């Protein structure tokens, strides 16, 4: 059972019926590479195949973005076919069942997913994800003419049940996912030079062409001239321009099937500074030749750049870089007339150099070099280039904020468009924000709405452009002399608003690639922890904090009993546990009800250590060992707990192992005393009924709650019950004091504040 879903462009993708992946690989690699267009059974010598793989990962049930397993691949240039081979394996235990696995694909950045159906922050632009749902089976998916560069695959299991499982206590099923990438690329590609006809003849195989689009190209025109099929007029040719991307596919397809000898395709704002793939396929029957000449015509765009002579005088030690035009310094604004001409040359955009300042990991600040505000007019768009093509910028969120003075645009408006690869150079009345191969993100400013914000999670690796232009739809003459300054704030941040007060921004890593995600608390959900549909109220948060912290006061009971029975070491351990458990849970709370006296990780470690050692000393104290042996075991147990918790503090057996050893020691000593005294130990039935059985029952209930009943929703009261049951069981299970020992510790106090502690066996007095 498989299901594929996408927003747009599904035509370029084909899902193949699952087969055995090893067999599929052998079949694909054993035979010659197939013809990419599938119009002939003969192999094409121009095609070669390559395979790429990554280490498999264990899938997890989805609760936040960190639950998804990310894979990062690079598709080489001139690839005509990309095939993903998806392999899933699972364990053989009784808990292993068929579960639905969701696999996402995206070009340029990690996929933006939303399996829980939560809301995104306001002003967030999210495209529908392309995904594939599959059960425990293998599958493959084909993509024709994929875009070269970074491709990402993410996979996860269904949403989790929010049950808190103790690691290693309950057997779990491992689902292992591994994608392999098989590419078929062209080794012989014809170069289509501008304004130079390139003769081509199609017979059984398609023609693979490519044309380089330089920076500041305003328009690309592709034309087929002199097209003839077997000597007769007509042009049965399908021309595919561009590369396929996911989730959106904006390839252009030109079908020339009429009787004319020429047909053309016009591409406004093509992607700059890159090769553009062109594939020509014959629509005629087999053994029918089609001849034509391909012509590419480029319309150059001359930018007017802000004077940047001061850049040449900047310090060579400055680490920031500026995205400026490659042209020499251009005239100042005063030399530019209303027609956009200076010295006889026309301009099509106003380019503002942008300073890129790297702040931290996946954290960048962009700002114009000359001023905070950007000059916007109606004659041509003002363009700012944001350099996000380092390969490490796609793991954050691009935030764009614009503001304008209300009085400056009383009867006008400012329209903006955010695009990748190339800017929008022609604004129209419909405010369409689309370039040749990219659907942009529109924005607008007016007197009624003087601010505009945009958030783009996980922007694609590319140069991004912000284009702005002044519009007067009702009175165009008012725009001729109008000039508006727009303040811009451009940033790349790991997490929006640092995930807010109810979330934590975590930096995730897949090999050398870093990306960020929000882990939410207190019932808050969403991409940036802004969805409060299941959030706890402030009263619930305070109640949870009070329950988790004040429930530790029950440890006062075993502390008092230990001191009364002269068990001072045990009392110290209980006091340690009460102190650090209280402040750990005070620090573990989200929102305003939080108090951290130490580092969070330190408090957590001390809390786990105190809980384990408390159980250890309680059980060994019940064994009634000799004092020297008991304290040696106390110390050794504490050291073992410290080591095991440092290895993995959440593993169940790191705590249960030493505790089971202590129980074995206790049972051994009790059996030894039973055999030696010829009657049950402890001998008193009152001890069993009123102390041991209640204490053991409380401990059993506490373990049951801790291992099988806790969820993220009921954690604050189930864990509080765990605190009280643990402390209560210790109070009941502590053995009575020795008959010759007086209550409340010391037998005598001297005026000099030294205490004389008596050893009743040796009748010796030692000054301490």
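Note that the numbers count up from 1, one per residue, in the order the chain is shown.
Each Cβ is built from the backbone N, Cα and C atoms, and glycine gets one as well.
Sequence annotations record features per position, and here TrEMBL assigns signal peptide to 1-37. If you look up TrEMBL, you'll see 491-530 marked as domain 'EGF-like'. The disulfide bond annotation in TrEMBL covers 495-505, 520-529. Per TrEMBL, transmembrane segment is recorded for 543-561, 628-645, 651-672, 688-709, 715-734.
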Looking only at Cβ atoms, how many others are within 10 Å of the one on residue 505 (disulfide bond)? 20
Count the residues of the domain 'EGF-like' (491-530) that DSSP assigns to helix (H, G, I), to strand (E, B) and to coil, and report the three numbers in that order. 4 helix, 20 strand, 16 coil
CB contacts under 8 angstroms to residue 495 (disulfide bond), restricted to the same chain and 6+ apart in sequence, sorted by sequence, are 396, 397, 503, 505, 516, 517, 518, 528
CB contacts for residue 529 (disulfide bond) [other CB atoms within 10 A, all chains]: 29
Within the same chain, where does the transmembrane segment (715-734) have neighbours whose Cβ lies under 8 angstroms from its own Cβ atoms, ignoring anything closer than 6 residues to its ends? I mean 6 or more beyond. 164, 543-544, 547-548, 551-552, 554-555, 557-558, 561-562, 565, 567, 570, 574, 578, 581, 585, 611, 614-615, 618-619, 621-622, 691-692, 694-696, 698-699, 701-702, 705-706, 709
Segment-level pLDDT (mean, integer) for the domain 'EGF-like' (491-530): 91
Is it possible to get the count of other C-beta atoms within 10 angstroms of the C-beta of residue 520 (disulfide bond)? 24
Six or more residues out from either end of the transmembrane segment (543-561), which same-chain residues have a Cβ under 8 Å from its Cβ atoms? 536, 567, 570-571, 574-575, 577-578, 581-583, 585-586, 588-589, 593-594, 618, 716-717, 719-721, 723-724, 727-728, 730-731, 734
